[in-house]
Structures are given as C-alpha cells and as structure tokens.
C-alpha cells in the first residue's frame, strides 16, 4: 500500500504578484524550488493564511534570486499581493519506506528568502 505524505513545503511565503490573464499555475523562484526539491509542472496545494483558501495548481519556475511567488490564472482570484501562503507538495510513499521519508520544509522570511530549512516539523510549532 502507498500513503500520500507531505514531500516538501514552503512555509509563509509572501505573494508578490497575482496575474489573472495568465493561463494558470504558480510561479516560484527556482532557487527556492531547488532547496526543497520541487520541480516544474509538479502539482502543489496552496494554502492562503490570510483568507483560508486552499487550492491546487502546478509549478512554473521563476527567475532565480527574485523571491517571486506569483499566482496565475483563476488562482489569482484567491490571493492578493502580500498574502502569506504555504505551498505543499505530496508524494506517494510505499508503506515500508514511511519511516525513512523526510520532507523538506523551507521557512521563509518577510522578503521571501529561506530563513530556515528543516527536515521535519517539530510538534506545536508556532511561527
């Protein structure tokens, strides 16, 4: 049996743009993607801390070092520039490998730079 587990998370990123006229997706700084192991076209869940919206889209790599987090297409209706979001990717992990699975979590600062990179979330973390 396989279980769906969190594979990577970008925590508390700040939306830099919302582009309604684009076809779809979320554009994310490629340096940040590399740090957590997310890739182009990967399906991700977006959680908006400001309004509680949760939705799925896919990744488009953005300019390295830019700190860009741009929601495109219909998803642009669910965020505003400056909103705090969480970007989560998941993986299907075989039951026998669950104990070895270590997701990567990037905790972002207010300028969309990685403040901390951790291999697992401690219980009762408040940021």
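Cβ atoms here come from the backbone N, Cα and C positions, even for glycine.
Counted within 10 Å of its Cβ, the other Cβ atoms near residue 25 (active site, schiff-base intermediate with substrate) come to 19, all protein chains included. Marked as active site, schiff-base intermediate with substrate by Swiss-Prot: 25.
Secondary structure at residue 58 (active site, proton donor), taken from DSSP and collapsed to helix, strand or coil, is strand. In sequence order, 24, 25, 26, 41, 42, 43, 44 make up the list of same-chain residues 6 or more apart from residue 58 (active site, proton donor) whose Cβ falls under 8 Å from its Cβ. Per Swiss-Prot, active site, proton donor is recorded for 58, and the stated evidence type is sequence analysis.
Residues or ranges marked as substrate binding site in Swiss-Prot: 57, 73, 74, 75. Long-range Cβ neighbours of residue 75 (substrate binding site) (same chain, at least 6 residues apart, Cβ-Cβ under 8 Å): 24, 25, 26, 46, 55, 57. Classification of residue 75 (substrate binding site) by DSSP places it within a helix.
DSSP assigns residue 25 (active site, schiff-base intermediate with substrate) to a strand. Residues annotated as pyruvic acid (Ser) in Swiss-Prot: 25.
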Excluding its own, the Cβ atoms lying within 10 Å of the Cβ of residue 73 (substrate binding site) add up to 16
Residues lining the substrate site besides 57, 73, 74, 75 (CB within 8 A of their CB center) are 24, 25, 26, 55, 71, 72, 76, 77, 78
Between the two most distant Cα atoms of the substrate-binding residues 57, 73, 74, 75, the distance in Å is 10
